[in-house]
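According to Swiss-Prot:
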- ASN9, TRP10, LYS11, GLY173, SER212, GLY233, GLY234: substrate binding site (BINDING)
- HIS95: active site, electrophile (ACT_SITE)
- GLU167: active site, proton acceptor (ACT_SITE)
Amino acid sequence: MRHPLVMGNWKLNGSRHMVNELVANLRKELAGVAGCDVAIAPPEMYIDLAKRAAAGSHIMLGAQNVDLNLSGAFTGETSAEMLKDIGAQYIIIGHSERRTYHKESDELIAKKFAVLKEQGLTPVLCIGETEAENEAGKTEEVCARQIDAVLKTQGAAAFEGAVIAYEPVWAIGTGKSATPAQAQAVHKFIRDHIAKADAKIAEQVIIQYGGSVNASNAAELFAQPDIDGALVGGASLKADAFAVIVKAAEAAKQA
């Protein structure tokens with residue numbers, strides 16, 4: 001049985017005070033939670049501080065992006081080796097905000113995926129369609145293309161131990177969310193698509209849902225058989241709201 005993962009993407013939010021306070025509150029809220037893995041991805045300069053604040057708890061650390069290169073003259077970038085060195089394990093790649101604002105291509109994201117795997121880190125591969133693509137009935141086509149960028153260059157085995165986050169772009173930060181049935185249909189498609197290459201890997205891969213996940217819709221989303229947790233944005237900045245989502249994932253998968 002797949003173990004759910006709920007991960008908080010803090011995006012461009014944080015301060016030393018906020019990190020210490022939020023992690024301290026998360027430790028209290030999540031004490032006793034064992035049936036769901038939990039990770040947080042603060043801005044890079046706060047990962048080490050968050051790691052120390054979370055020491056001794058089950059909270060794992062992640063990052064919001066990574067560069068292709070391990071070292072060299074690449075101003076402003078952060079390598080997989082650096083993230084590994086400071087204790088980040090779950091690395092988000094391909095987030096729609098990176099695809100949109102930084103023009104990151106499927107091919108570039110697949111290369112980042114490979115670098116992370118080589119370093120023993122866990123890629124959290126974000127995929128998902130825009131509102132226009134959704135309305136044009138291209139959801140499955142887009143998701144397949146984004147997955148195939150990895151499948152066709154690295155094979156299905158690359159997804160062993162990796163995480164996929166399905167985030168319909170039209171639902172990120174908008175307050176809109178796919179219905180549980182809509183989300184489940186896409187998650188099943190993603191799993192079935194990988195299964196064409198390797199059924200065992202497909203059955204094991206964690207597929208999160210992301211896109212305005214909150215305390216009120218989490219339980220119904222997690223009740224779906226192919227939804228294995230969530231990649232949470234805004235709600236991850238509030239310990240009580242994030243904890244409700246984590247506990248909903250734990251309860252749904254133990255039911």
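Glycine is treated like the rest: Cβ placed from N, Cα and C.
The model shown is predicted, which means the values in this text are computed figures rather than measured ones.
Each of the binding-site residues GLY173, GLY233, GLY234 was scored by other CB atoms within 10 A of its CB, and the lowest score goes to GLY173. Listed recorded positions: LYS11, HIS95; maximum Cβ neighbour count within 10 Å falls on HIS95. Less than 8 angstroms from the CB of ASN9 (substrate binding site) sit ALA41, GLN64, ILE92, HIS95, GLY210, LEU231, VAL232, GLY233, SER236, each of them six or more residues away in the same chain. Look at GLY234 (substrate binding site): DSSP puts it in a helix.
Counting in whole angstrom, TRP10 (substrate binding site) lies 16 from the residue listed as 'active site, proton acceptor' by their C-alpha atoms.
Using a 10 Å radius centred on the Cβ of the residue listed as 'active site, proton acceptor' and all shown protein chains, the other Cβ atoms total 27.
For the pair SER212 (substrate binding site) and GLU167 (active site, proton acceptor), the Cα-Cα distance reads 9 Å. GLY234 (substrate binding site) is 14 Å away from the residue listed as 'active site, proton acceptor' when you measure Cα to Cα. Neighbour density for TRP10 (substrate binding site): within 10 A of its CB lie 22 other CB atoms from the protein chains shown.
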